[in-house]
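Asker: Take this structure first; my questions come after.
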DNA sequence: TTAGGGTTAG
């Protein structure tokens, strides 16, 4: 065996940096530092291997005269994955500038990974140009990297263009397009990609299902999610833990906690995502007791909880009014699991006390928290003051938001409502002035409902739907029926005062988005079919009351997912027991 | 002797 072969063999068995240094010394002693296969192999090993060293790789790289593509690729690849991916881009620049070694498809894949990590959209465009000049615009792997980099840098439209320009698409490129849309929050677009994909012969796999199920979860598309579950069963993907976890999340977020529990119970293998998904699912359905029980099972199964586990658990305690349990678990985070509570956990505790009417305690929690300057905490307190009609603490919360320069139109509306409840016209007027003078914007409310394989979206007083005559006719009939069962529409003081705001628009004198969605569901589905509504804001008191009466008058189960939780309306009652 | 895809909170 030659000396160079011996060294290459030694490298294969090398597992620590000290040994690597010895091999390098051997390379020098034997005069092999300019032996290309040896130096390239050594460089590649240092740049990539966990037992290697990037600094050492740099040293070796700079000892190579006229490094060729493979050597450049090693150093760019190593830095692209390292804590300083910008270095990969700098080496790529040097490579292109040097004009000695030509970048190949691997070079582009590595440098694009670096662009993705440094959020270098401009650099990505420049690399894209070079890819075209080098004639690699049809390479499916390079283009998959390219579209991911564009998408993860916020240019989803460019990602779509790269994808569309591909002459041939394989399963990974389809999956990448779906997951990019899903991760960027374009869930309807993700689902539309699947419509196109179905017409190809590519097939699908667990990655496809996970991306699609995640988007179903976000938009509340239960029917489509059930269809995907069917495919997962037929094609044997239900054993895949990622698919199982995504199914739990989809069912829980689409309002079917029982199905989420069925998937959870059927899973042979569970990881922290599995437990977190089902605990959070119980939490948003107001089943704090269920969340606590599953959390105990998680500990018995020997799975270490993380901070997300506690977000779900504390949220469950808050929605069910389990104050003592919530406080106990909050303290347990640091005392038993060495987890530092973050602002979200403090938010849950403020909500837990606030919702339970312990507003002084909620205030104390914010003031003694590590982040008393976080507007989220004050906003949660303001929300609790609305529930419990507490003007004094509500004003304190608002004052803090203003001092932080974080008060929004939504906050003014919350305080207006509190003033309105206290018949404080001066207060309402002051908030109205503030909204107008500062030109504050509010979030427009919308609701959607899935009927068949389509999702129908409504805004307040929506007249854009093609079947709006029928919808408004059904709504008037529904209001009449609900009234016969005892529904009394709530008059809004704010509306009387003429405040043109989101809350004003969302009053019983106009038709809320969820009322329109319910009317549409009643008109378009057969008797007894449950209605599932997704709403972007919290459900208002009038709509909550209306939906309870509708569930009784029409004998329908109505599941409403609002901004923070689910409400299951059945027989004139709501699962939240009016505690929300 | 190198390259591309997945889940949970908010």
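Each residue's number is its place along the chain shown, starting with 1.
A Cβ is built for glycine as well, from the same backbone N, Cα and C atoms used for every other residue.
Copied straight from TrEMBL:
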DOMAIN    A:486-580  domain 'DYW'
REPEAT    A:170-200  repeat 'PPR'
REPEAT    A:240-270  repeat 'PPR'
REPEAT    A:271-305  repeat 'PPR'
Asker: Using DSSP, how many residues in the repeat 'PPR' (A:271-305) fall into helix, strand and coil?
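Answerer: DSSP composition of the repeat 'PPR' (A:271-305): 26 helix, 0 strand, 9 coil.
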Asker: With a Cβ cut-off under 8 Å, give me the same-chain residues at least six positions beyond the ends of the repeat 'PPR' (A:271-305) that come close to it.
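Answerer: Same-chain contacts beyond the ends: 241, 244-245, 248-249, 251-253, 257, 260-261, 264, 311-322, 325-326, 329, 337, 339, 561, 564-566, 568, 575-576, 580.
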Asker: Averaged over the repeat 'PPR' (A:170-200), what pLDDT does the predicted model reach?
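Answerer: Summarising the repeat 'PPR' (A:170-200) by its mean pLDDT gives 95.
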Asker: Using a Cβ-Cβ cut-off of under 8 Å, list the residues of the same chain that are 6+ residues beyond the ends of the repeat 'PPR' (A:240-270) and lie near it.
Answerer: 206-207, 209-210, 213-214, 216-218, 220-222, 225, 228-229, 232, 277-278, 280-282, 284-285, 287, 301, 303, 532, 559, 561, 566, 568
Asker: In the repeat 'PPR' (A:170-200), how many residues does DSSP assign to helix, to strand and to coil?
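Answerer: Within the repeat 'PPR' (A:170-200) the tally stands at 25 helix, 0 strand, 6 coil.
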